[in-house]
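Data first, discussion second: the structure below is written as structure tokens.
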């Protein structure tokens, strides 16, 4: 029994170490992008990525990008969150519904605040209808990553087989990445906007669910 407890503690410590390293890496990358691409206005990387997608653009790719970008929009995510949270409440998962609502709302407010702080203008000549909000960081990338991470979190709380849990998690993360890339394809975001959005998503998911776990653990001990 002692060996079992020791093994679990080692696994928990390793998990915490990996998450802390990932958080710091995302923080460093976000800070680097904010300084170089936004404050110093270094645009070599963004120009190269833009040129690559323009060279390989086709009507079919543009159409797929428009479909993907819709999945990261408020028109899709707001009803999706309402449906998800409503379903959790119906199945007596009110604590989980509150946790998800908090993570989603706080990430949205953070994104809006950062856009106002950096005030980066969007790329010129977007393929779709021009957007008049600021560009950095990408709201679609952040929102898609948060939503897909929440779905992955619910998958891991389920009783599904471990193989299915990993499969759905990978597919959800790939979907989030695809939504971010669609913003570059449609020329409504710079590549650095999208990467910064993902970095923020990683940090916010790690921090939010760490806090949620601490609160839930403390509540369980008090009961």
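Note that Cβ sites are derived from N, Cα and C of the backbone, with glycine treated the same way.
Straight from TrEMBL, the features:
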type	residues	note
TRANSMEM	12-34	transmembrane segment
TRANSMEM	68-91	transmembrane segment
DOMAIN	96-209	domain 'Phosphatidic acid phosphatase type 2/haloperoxidase'
TRANSMEM	98-118	transmembrane segment
TRANSMEM	138-156	transmembrane segment
TRANSMEM	168-188	transmembrane segment
TRANSMEM	194-212	transmembrane segment
Among the ranges 12-34, 68-91, 138-156, 168-188, 194-212, the one whose Cβ pairs under 8 Å to the transmembrane segment (98-118) are most numerous: 194-212
Highest-contact recorded stretch vs the transmembrane segment (168-188), from 12-34, 68-91, 138-156, 194-212, CB pairs under 8 Å: 138-156
Criterion met for the transmembrane segment (194-212) and the transmembrane segment (12-34) (at least three Cβ pairs under 8 Å): yes
Helix, strand and coil residues within the domain 'Phosphatidic acid phosphatase type 2/haloperoxidase' (96-209) as assigned by DSSP: 85 helix, 0 strand, 29 coil
Interface present between the transmembrane segment (138-156) and the transmembrane segment (68-91) (three or more C-beta pairs under 8 A): yes
Beyond the flanks of the transmembrane segment (138-156) by 6 or more, those residues with Cβ under 8 Å of it: 69, 71-74, 77, 80-81, 84, 96, 100, 103-104, 107-108, 111, 115, 164-165, 168-169, 172-173, 175-176, 179-180, 182-183, 189, 193-198, 200-202, 204-205, 209
